[in-house]
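Data block below; observations after.
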Amino acid sequence: MVKICCIGAGYVGGPTMAVIAIKCPAIEVVVVDISKPRIDAWNSDTLPIYEPGLDDVVKACRGKNLFFSTDVEKHVAEADIIFVSVNTPTKTRGLGAGKAADLTYWESAARMIADVSKSDKIVVEKSTVPVKTAEAIEKILTHNSKGINYQILSNPEFLAEGTAIEDLFKPDRVLIGGRETPGGQKAVQALKEVYAHWVPEENIITTNLWSAELSKLAANAFLAQRISSVNAMSALCEATGANVSEVSYAIGKDSRIGPKFLNASVGFGGSCFQKDILNLVYICECNGLPEVANYWKQVIKINDYQKSRFVNRVVSSMFNTVSGKKIAVLGFAFKKDTGDTRETPAIDVCKGLVGDKAQVSIYDPQVTEEQIQRDLAMNKFDWDHPMHLQPTSPTAVKQVSVVWDAYEAAKGAHGVCILTEWDEFKKLDYQKIFDNMQKPAFVFDGRNVVDAEKLREIGFIVYSIGKPLDGWLKDMPAVA
Ligand SMILES: NC(=O)c1ccc[n+]([C@@H]2O[C@H](COP(=O)([O-])OP(=O)(O)OC[C@H]3O[C@@H](n4cnc5c(N)ncnc54)[C@H](O)[C@@H]3O)[C@@H](O)[C@H]2O)c1
Ligand SMILES: O=c1ccn([C@@H]2O[C@H](COP(=O)(O)OP(=O)(O)O[C@H]3O[C@H](CO)[C@@H](O)[C@H](O)[C@H]3O)[C@@H](O)[C@H]2O)c(=O)[nH]1
């Protein structure tokens with residue numbers, strides 16, 4: 001029986017391994033992690049992450065050919081194929097701080113593999129890493145090899161949160177990069193055989209190691225760039241009276257452009273886009289390519305601009321101050337159908353509102369008060385370290401309260417900001433919300449989920465990203 005061990009039981013390690021286990025009943029899959037609470041949660045009825053369809057997959061194979069364990073060394077020693085899916089945060093100190101990937105967790109995983117291995121191993125990079133990481137890992141492993149043969153493969157993950165199970169069941173492509181040596185190609189073939197249990201052969205792409213590593217960063221950079229492009233257009237739409245949804249639809253009909261990833265928003269969030277672009281920028285700089293680095297940096301600048309532009313709209317619409325005013329925030333997760341808040345635009349928007357002395361009342365169907373308070377208190381990039389290394393009880397931000405109901409959040413509020421596109425926000429009783437708010441009552445829709453015309457009929461002043469502005473908003477300065 002082929003044995004797979006995955007180091008790192010996070011958003012990627014957990015779901016990817018669960019899907020391998022369900023699709024390959026003859027393979028034993030063990031997911032290991034240094035975090036005991038995380039492993040305990042994977043072994044319980046309440047999984048550590050919320051992902052539609054994940055519970056069913058885990059329940060179907062856990063205890064049969066899928067296991068979660070903290071006994072990292074034992075399972076690594078026994079495995080034929082080791083996936084490494086540990087954190088690769090942005091460095092906050094030293095060389096490359098604020099941009100470069102911190103490979104501490106990766107390196108310690110590689111050294112541990114070298115320490116405990118007694119048989120040949122295929123080591124698979126599942127984490128997103130800088131180009132040429134495989135070379136560094138190879139060096140660590142071969143310098144400590146004790147005669148063991150290691151083959152390093154790059155197999156980046158393209159799943160998106162909220163649709164992880166769907167994406168893993170039917171991936172657009174699986175990418176495997178390996179050395180162009182007989183040993184390297186044999187390892188590529190072995191991993192290909194795992195995926196071939198359910199992925200059509202034409203969807204499994206094989207490349208050299210560096211192309212696979214770079215393709216992951218490139219894919220995220222291209223996707224994020226589309227969002228920054230449409231968000232840049234949204235500012236111009238507001239200034240000219242064009243409607244960004246109509247512009248997106250019109251350009252998306254061009255088959256060369258395509259319709260996906262053209263939704264204007266308050267900004268992109270999530271654990272990957274910003275981190276991976278910063279990483280790409282750093283690699284460009286290290287390779288003496290400042291123009292290329294600046295090109296990609298602009299994607300992040302526009303994203304930051306979009307978030308602060310939103311806050312400015314809120315403040316300037318309300319007579320240039322939100323001091324002491326209650327602002328309801330609906331949605332805190334970085335997108336719908338996930339409880340993940342990593343790099344969510346809601347953090348920057350809430351910090352901006354709090355900075356202007358607003359009283360912020362937040363409701364999100366999947367995010368706890370504890371998580372929100374941690375996010376608002378945490379330093380930039382700290383979220384991307386294993387849980388036990390994060391600050392445990394950050395000081396709560398007093399101006400922020402978290403409630404479990406949208407109506408409660410909006411009660412007595414001057415304004416409502418919609419920051420995540422949860423479906424339930426489309427179906428709220430906005431008449432009831434209006435009746436219980438201060439007047440004039442404002443809705444700032446950062447995701448274009450509400451029917452602005454209906455809300456205007458109720459009496460709201462509505463701001464929708466990239467849409468023609470209400471008379472009220474036209475008279476207010478757009479950007480402070
Ligand atoms: N989240 C996504 O949607 C996504 C998608 C594609 C790629 N990625 C990349 O995959 C990697 C993992 O991301 P994630 O979202 O799953 O992160 P995560 O923080 O959810 O999980 C990482 C896990 O690794 C564990 N860990 C760290 N060092 C360890 C060690 N030495 N031994 C054992 N366990 C260790 C941590 O405790 C943590 O549980 C990152 O490189 C990320 O950029 C993430
Ligand atoms: O038209 C759009 C599409 C997305 N977003 C926002 O962009 C962010 C990222 O969304 P999405 O890409 O759907 O989620 P992620 O889970 O971050 O997935 C991205 O990052 C992963 C980690 O690398 C990759 O594996 C995926 O392929 C890539 O889509 C979210 O805040 C979305 O709200 C928009 O604002 N407008």
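Including glycine, each Cβ sits where the backbone N, Cα and C put it.
Copied over from TrEMBL, here are the features:
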ACT_SITE  Cys272  active site, nucleophile
BINDING   8-13, Asp33, Arg38, 86-90, 127-128, Glu161, 272-275, Arg342  NAD(+) binding site
DOMAIN    328-452  domain 'UDP-glucose/GDP-mannose dehydrogenase C-terminal'
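Feature annotations (TrEMBL) mapped to structure.
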residue	record	DSSP class
Gly8	NAD(+) binding site	coil
Asp33	NAD(+) binding site	coil
Asn87	NAD(+) binding site	coil
Glu161	NAD(+) binding site	coil
Cys272	active site, nucleophile	coil
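Screening the binding-site residues Gly8, Tyr11, Asp33, Thr90, Glu161, Gln274 for a C-beta under 6 A from any atom of ligand 1 leaves Gly8, Tyr11, Asp33, Glu161.
With a CB cut-off of under 6 A applied against ligand 2, the recorded positions Gly8, Asp33, Asn87, Thr90, Glu161, Cys272 are reduced to Glu161, Cys272. Counting only the Cα atoms, the space from Cys272 (active site, nucleophile) to Gly8 (NAD(+) binding site) is about 16 angstrom. Broken down with DSSP, the domain 'UDP-glucose/GDP-mannose dehydrogenase C-terminal' (328-452) shows 41 helix, 19 strand, 65 coil. Each of the binding-site residues Asn87, Gln274 was scored by the number of other CB atoms within 10 A of its CB, and the lowest score belongs to Asn87.
Around the Cβ of Thr90 (NAD(+) binding site), 20 further Cβ atoms fall within 10 Å across all displayed protein chains. Neighbours of Tyr11 (NAD(+) binding site), defined as other CB atoms within 10 A of its CB across all chains, total 21.
Around the Cβ of Gly8 (NAD(+) binding site), a 10 Å sphere holds 27 further Cβ atoms from the protein chains shown. All chains included, 24 other C-beta atoms sit within 10 angstroms of the C-beta of the residue listed as 'active site, nucleophile'.
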